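Some notes on the structure that comes next.
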Amino acid sequence: MGKEKVHISLVVIGHVDSGKSTTTGHLIYKCGGIDKRTIEKFEKEASEMGKGSFKYAWVLDKLKAERERCITIDIALWKFETAKSVFTIIDAPGHRDFIKNMITGTSQADAAVLVIDSTTGGFEAGISKDGQTREHALLAYTLGVKQMIVATNKFDDKTVKYSQARYEEIKKEVSGYLKKVGYNPEKVPFIPISGWNGDNMIEASENMGWYKGLTLIGALDNLEPPKRPSDKPLRLPLQDVYKIGGIGTVPVGRVETGVLKPGDVVTFAPNNLTTEVKSVEMHHEALTEAVPGDNVGFNVKNVSVKDIRRGYVASNAKNDPAKEAADFTAQVIILNHPGQIGNGYAPVLDCHTCHIACKFATIQTKIDRRSGKELEAEPKFIKSGDAAIVLMKPQKPMCVESFTDYPPLGVSCGDMRQTVAVGVIKSVNKKENTGKVTKAAQKKK
């Protein structure tokens, strides 16, 4: 076995008909976790339906259909491997909750593959003001996906004919846009591919001798392995708190950043309760330390179940402990709201595991969704489709962190049984409260 392979999560973005499914399907098909039997079954079904040539996208469509019907789908189907890395495709747009998923941290991507339709008319539609190419790229950058690969697809199309001039034209225009968003185009590989025929996907294409760069798989293998946030201070949002006979109080949650070890002194926010951790368990086994991504239960001393609850955040008392937020500034996109939203609007905010009403205290500026430029200072109202910077005030004590410090914590606002807005927290004003320190914690000081 030797060294373990690096795990990288990818999101595949791009305009509706850019060929994301075919391209993704092709990678999974060629390097992936789908067994031959499943592929043969899909191929047979595809040819029976007269979709023989559509087999790569068909693979993905089958997976999506199973996912939509909530059949818990074997996640191996969304994986593919190279010599160096294991890639998991965590979401592909077209899935209706894509934007929401990207934001609320159900999917923290390490890198994005932006698929572009290079055909005449197709490219222009995707990059136009209403196209999704720009929006997806901006969203990826805003949400902290700092590595990008651009796959200029459909180079086999009769309007493109593997043309170097078309490649240069697209590269120039998309680079300009990515630069505006915040990416450094020098570091973004542009790869002319055919997701359908496989040109430059895994092997260099014989149809494009003029292109001397990496194949798509080569570029994926060149991605920087993600730094897992175990070196950041501990943040562990609580999902539940149990009282277990003979053991005591056991909060449960997923470590988002940092590490948790038995013997640590933790502070819970927003109530500032400080105590010692007796033991940490995952799947009924004791751990010497829990790292980001681990779902753990931990036993705390001298704390009653009434003292802490879901939505609280555990942190290390000696290393930038979490605090209650007095208010915070968020950049939000209004997704669906029937009317106008003004100052004073108070939807329920979901961030990590907490679920608390937050007031739009001041809508500070309305911004352009695609460029991030200010359009209007202190607008009276914002409506569906608008992006804005808003000062928000929690209506009950809550703990949130800025997105740059603790990326897994994006926010979504709900009202009328739907997601009204999604966004990221830019900065937080924290309250300096004093809270109860248990005897166990005092002894450890």
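All positions are counted from 1 along the displayed chain.
Just so you know, glycine gets a Cβ as well, placed from its N, Cα and C.
Pulled from Swiss-Prot, these are the features on record:
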DOMAIN    5-230  domain 'tr-type G'
REGION    14-21  region 'G1'
BINDING   14-21, 91-95, 153-156  GTP binding site
MOD_RES   LYS55  N6,N6-dimethyllysine
REGION    70-74  region 'G2'
MOD_RES   LYS79  N6,N6,N6-trimethyllysine
REGION    91-94  region 'G3'
REGION    153-156  region 'G4'
MOD_RES   LYS187  N6,N6,N6-trimethyllysine
MOD_RES   LYS261  N6-methyllysine
MOD_RES   LYS306  N6,N6,N6-trimethyllysine
MOD_RES   LYS396  N6,N6,N6-trimethyllysine
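Structure coloured by features recorded in Swiss-Prot.
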{"residue": "GLY14", "record": "GTP binding site", "CB count, 10 Å": "27"}
{"residue": "ASP17", "record": "GTP binding site", "CB count, 10 Å": "14"}
{"residue": "LYS20", "record": "GTP binding site", "CB count, 10 Å": "27"}
{"residue": "LYS79", "record": "N6,N6,N6-trimethyllysine", "CB count, 10 Å": "17"}
{"residue": "PHE155", "record": "GTP binding site", "CB count, 10 Å": "27"}
{"residue": "LYS187", "record": "N6,N6,N6-trimethyllysine", "CB count, 10 Å": "11"}
{"residue": "LYS261", "record": "N6-methyllysine", "CB count, 10 Å": "15"}
{"residue": "LYS306", "record": "N6,N6,N6-trimethyllysine", "CB count, 10 Å": "9"}
{"residue": "LYS396", "record": "N6,N6,N6-trimethyllysine", "CB count, 10 Å": "11"}
Across the region 'G4' (153-156), what are the DSSP residue counts per state (helix, strand, coil)? 0 helix, 1 strand, 3 coil
Give me the Cα-Cα distance between LYS79 (N6,N6,N6-trimethyllysine) and LYS396 (N6,N6,N6-trimethyllysine), rounded to a whole Å. 41
On a C-alpha basis, identify the one among GLY14, ASP17, PHE155 that is nearest to LYS261 (N6-methyllysine); the candidates are the binding-site residues. GLY14
What whole-number Å value do you get for the CA-CA distance of ASP17 (GTP binding site) and LYS306 (N6,N6,N6-trimethyllysine)? 53
Among the modified residues listed here (LYS187, LYS306, LYS396), which has the Cα closest to the Cα of LYS20 (GTP binding site)? LYS187
Give the distance between the Cα atoms of LYS306 (N6,N6,N6-trimethyllysine) and LYS396 (N6,N6,N6-trimethyllysine), rounded to the nearest whole Å. 17
Suppose you look only at the region 'G2' (70-74); what would the mean pLDDT be? 39
